[in-house]
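Taken from TrEMBL as is:
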| type | residues | note |
| --- | --- | --- |
| TRANSMEM | 27-46 | transmembrane segment |
| TRANSMEM | 52-71 | transmembrane segment |
| TRANSMEM | 83-100 | transmembrane segment |
| TRANSMEM | 106-122 | transmembrane segment |
| TRANSMEM | 129-146 | transmembrane segment |
| TRANSMEM | 158-175 | transmembrane segment |
| DOMAIN | 220-353 | domain 'GGDEF' |
Amino acid sequence: MDKPNQMDLGATLEHSRSGLRDSHRRSLTRLLFTVTGTALVLFAYMQFLAGAFWVGGAELLASVVLFIGCWRLKTTPQLQQWIYLYLASLFSFFLIIMILPNASVTAFVWVLMMPVLAYLLLGKHEGLILSMPFMMLGCYFYYRYLGSVDSPQVAIDLLNMVLCAGLMLTFVHLYEVRREEAESRLVEVAQTDGLTGLPSRSSFQATLARTLAESERSGAEFALVIMDIDHFKLINDTLGHVAGDKVLKHIASRLQERLRATDFVGRIGGEEFGLILRNVRPDHAFELMDELRQVVADRDLRYGEDRIRVTASFGIAHWPRHGHTAETLFSMADRSLYKGKTAGRNCVVSAEAPGLLRSRDILAGGAA
Ligand SMILES: Nc1nc2c(ncn2[C@@H]2O[C@H](COP(=O)(O)OP(=O)(O)OP(=O)(O)O)[C@@H](O)[C@H]2O)c(=O)[nH]1
């Protein structure tokens with residue numbers, strides 16, 4: 001049962017990460033548009049002073065487009081297209097100022113800026129694909145600018161440029177690879193419970209929110225279950241916290257073993273687990289959880305000379321019958337769990353209104 005949970009967690013992580021990336025890239029791109037637009041106004045002014053009216057006019061026009069873009073970038077869904085358009089135009093502009101008849105040698109320093117901008121805004125794959133051809137063209141234009149490579153001094157100049165550009169691209173690429181790895185690791189740690197390896201509370205809540213949104217669209221029913229180990233404090237107090245930790249891991253494995261591929265389980269508190277059972281009717285959810293309750297109660301855990309046997313109580317709330325929001329469903333499931341605890345534990349209670357649907361043991365009056 002590892003796979004479905006990892007898939008769900010992966011999707012949740014990816015969603016939150018891309019959300020972060022999107023807002024970060026949006027503000028970074030807006031900043032770059034503002035800086036480039038302002039710089040172009042200054043360049044246009046100087047071009048007008050120098051009498052190059054058509055170049056100045058073009059730069060002024062480009063700055064107007066950038067300022068409009070800066071405003072549009074706040075909300076546009078076409079962020080990627082804007083970034084591509086910006087980078088391709090900017091890099092082309094760099095190349096044009098390199099091949100102008102009276103080009104300054106300093107124009108070629110922009111070749112080194114290409115990978116920095118492309119990787120910042122597009123990431124490692126698309127950044128590499130976009131910056132590499134422009135950088136190669138920039139180096140070629142530098143070679144043309146130098147004329148024939150007929151002296152060691154000219155060869156050194158060319159080598160300086162090519163080596164510097166190659167190293168810049170390599171280092172920016174390596175940095176981005178390491179940064180992405182570190183980011184993935186960090187998000188994974190934040191979203192996973194360190195003890196059981198199950199998704200953490202925040203990951204569970206994100207999956208619940210996504211499941212709710214999907215169900216609102218498709219109408220597919222689902223159940224939210226809160227499971228709590230009975231008298232867990234007693235295990236800690238009598239056998240120690242190491243034994244308590246082993247029990248938590250043991251329970252996490254049982255839950256993962258028994259659930260279906262479409263279900264989701266996370267550790268939402270100390271000895272509390274949350275389950276999302278998708279596409280399930282209330283009576284089936286109840287039966288499934290009662291089976292699980294039986295499995296937990298029947299399978300004991302070896303701990304040195306001891307054998308630990310635990311039971312758990314389950315509270316179920318069903319969408320849409322018991323609520324439409326995560327808060328309502330949580331509180332309904334919690335209330336059912338509390339009823340189960342006060343009714344003797346080792347039972348499943350569903351938030352069925354107006355009556356109370358309880359597991360067979362409780363109905364028979366024989367809770368363990
Ligand atoms: N070993 C261990 N214990 C934990 C962990 N997290 C919480 N606990 C303990 O879990 C216990 C929970 O106790 P209670 O909330 O009183 O619940 P309970 O003893 O299970 O009683 P009922 O829920 O009423 O059946 C506390 O003693 C916590 O210290 C953990 O990660 N490891």
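Each residue, glycine too, has its Cβ placed from N, Cα and C.
The structure displayed is predicted, hence computed values, not measured ones.
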Original post:
Which residues of the same chain, at least 6 past either end of the transmembrane segment (27-46), have a Cβ under 8 Å from a Cβ in it?
Top reply: 56-57, 59-60, 62-64, 66-67, 69-70, 73-74, 79, 82-83, 86, 90, 117, 120-121
Original post:
What is the average pLDDT across the domain 'GGDEF' (220-353)?
Top reply: 91
